[in-house]
């Protein structure tokens, strides 16, 4: 049998082979390391391999601690199982249920169309509008749902601006093949690839027969230049949406899973740390999101032709006519939604209430409403569950007293804003299991002493200035998450990073926050995140487009995180000193580096 045939057959069963071989490859760890630490590291490496290769479904791999930790004597089942539904999971669940109610009544589409009608239809402004809308929605909806919703809107606007995409591709192909175009003595070309009777989509980018004649008389070079410009803008539209969704998800605790894993692991490692909650995280991460979004907009607009003189000056030409038609399409689609109905108004009210209560529970810089309750009893999870519970009984139609006294009124069934069936179908339960697996893994690292053991082997890193370490950590995780799930990545590395911070006597938040944010900065490959995959599946992007754009986006993200941590991050979280809440855990470690031997953070800022 030929080698190629064997390799194909091996590839067909590569996941099964991984399931068999990985446990054998890591088996020496059980005999070469201290007993409990070696067993814990064995399970973690096994899970990391299965997560990165997806040899098992992510949620199934996340459940391995339930069977492996107790059987290997690492952690009893009564300590493992509760990790799968701690309060952080309830906060995540409440955010997902609120998002499903927004999708149920189409409020997200109304928000998107309104923003796009405000920013205008010039390519650079539209890209900005797409990014602002995608990032805002992604703060509350999942990144995947946001991308799936915004891409069809983007495609409709692009068709209004440039006509049908297939026609545009044919135009580019006809220019590359000189035999497909008939060029006269005056170097003018007639586009034979266009049908003799223009379609409705083609007419959208034209204005009457005069424009058709002008199109026919364009030189081949002009047509080529215009077609290339339009294709570049098309790619810019498609690529900015998944990128903005990934950036926007970092602004709120419920926006993406790694943020919640940070909270869960902080509570496990540092029970006395109460600096991070919904309000304080938003105060730190929202300005960072805006900064990175602005830099990303400049880069994408520069790369894909959106930044030019048309951004500031009006021109009356065929592009201006197409832009006017695209704006009319946006306004028409918004009008089709009609006035805000009772259900949309109710969802808007509860959505705003949800956000305001989370922000004001304990914002740290002022006294929050949680002081009215027993200290330590009310958390963000309690707030979220209270609000979303109301959605299941609040009416979706305006109540009327007249209905009770009118025997002729229709006896229609009572419909709440959200049904449990809809919520159940919308919630990604596999991600909740994944969160639980991460919390169980962190608990095992702490209880077994593995985190302390790893920290002891990270001693050489004490010589690296903390500010440089922040950039290295962010860059490493941003690169690693290009090939693995961001949730799995932060689950694997956050315990190690926490232990590293304690070993070098640096505020753990100074390393853990940039690591968490960096895990969401996966821009270079279609497989990096589901939003990237959705945009790539449209068939109009190539891998080289994402690599070229995403490489610079990663650099911009690393610099933005470093700037945020060393400016307002230091002031907000008191990062220049080693906190009291980290000392109780730190006492269990051995051979700590004295704080005086590490350069103070404010000396490196």
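Heads up, the Cβ atoms here are built off N, Cα and C, so glycines get one too.
TrEMBL lists 42-72 (among others) with the feature transmembrane segment. Panel annotation: around the transmembrane segment (42-72), residues 15-16, 18-19, 22-23, 26-27, 29-30, 80-81, 83-84, 429-431, 433-434, 436-438, 440-441, 444-445, 450, 483-485, 487-488, 491-492 of the same chain, lying at least six beyond its termini, place a Cβ under 8 Å from a Cβ of the stretch.
Annotation source TrEMBL lists transmembrane segment at 84-102 (among others). Residues 66, 108, 140-142, 145, 252-255, 257, 260-261, 263-264, 267, 278, 347, 350-351, 354, 379-382, 384-385, 387-388, 391, 417-418, 422-423, 426-428, 431-433, 435-437, 439-440 of the same chain sit 6 or more residues outside the transmembrane segment (84-102) yet have a Cβ under 8 Å from a Cβ within it.
Annotated transmembrane segment per TrEMBL: 122-141 (among others), in sequence order.
Summarising the annotation, TrEMBL assigns transmembrane segment to 237-261 (among others). Sequence-distant contacts of the transmembrane segment (237-261), counting only residues of its own chain at least 6 positions beyond either end whose CB sits under 8 Å from a CB of the stretch, comprise 88-89, 91-92, 94-96, 123, 126-127, 130-140, 143-144, 146-147, 150-151, 154, 157-158, 277-278, 281-282, 285-286, 288-289, 292-293, 296-297, 300, 304, 380, 384, 431, 434-435, 438-439, 486-487, 489-491, 494, 516-517, 519-523, 529, 531-532, 534-535, 538, 540-541, 545-546, 549-550, 553, 557.
Note on the transmembrane segment (281-305): residues 123-124, 127-128, 131-132, 135, 229, 232-233, 235-236, 239-240, 243-244, 247-248, 250-253, 259, 359, 363, 365, 513, 517, 548-549, 552-553, 556-557, 560-561, 563-564, 568-569, 572-573 of its chain, located 6 or more positions outside it, place their CB under 8 angstroms from a CB of the stretch. According to TrEMBL, the feature transmembrane segment maps to 281-305 (among others).
The transmembrane segment feature in TrEMBL is assigned to 337-357 (among others). If one looks beyond the transmembrane segment (337-357) by at least 6 residues along the same chain, the residues whose Cβ comes under 8 Å of a Cβ in the stretch are 94, 98, 101-102, 105-107, 109-110, 113, 140, 369, 383-384, 387-388, 390-391, 394, 396-398, 417.
The transmembrane segment annotation in TrEMBL covers 377-394 (among others). Here the transmembrane segment (377-394) has Cβ contacts under 8 Å with residues 87-88, 90-91, 93-95, 97-98, 101, 253-254, 277-278, 346-347, 350, 353-354, 357-358, 361, 370, 416-420, 423 of the same chain, all six or more residues outside its ends.
Away from its own ends, the transmembrane segment (464-497) comes close to residues 44, 48, 51-52, 58, 256-258, 261-262, 265, 269, 431, 434-435, 437-438, 441-442, 445-446, 450-451, 454-455, 458, 504, 506, 510-512, 514-522, 524-525, 527-529, 554, 557-558, 561-562, 565-566, 598-599, 601, 604-605 of its chain (Cβ-Cβ under 8 Å, at least six residues beyond either end). If you look up TrEMBL, you'll see 464-497 (among others) marked as transmembrane segment.
Taken from TrEMBL, the feature transmembrane segment covers 509-529 (among others).
Beyond the transmembrane segment (549-571), the same-chain residues lying 6 or more positions past its ends with a Cβ under 8 Å from any Cβ of the stretch are 239, 243, 247, 284, 287-288, 291-292, 295-296, 299-300, 303, 467, 470-471, 474-475, 478-479, 510, 513-514, 517-518, 521, 523-525, 528, 601-602, 604-605. Sequence annotations record features per position, and here TrEMBL assigns transmembrane segment to 549-571 (among others).
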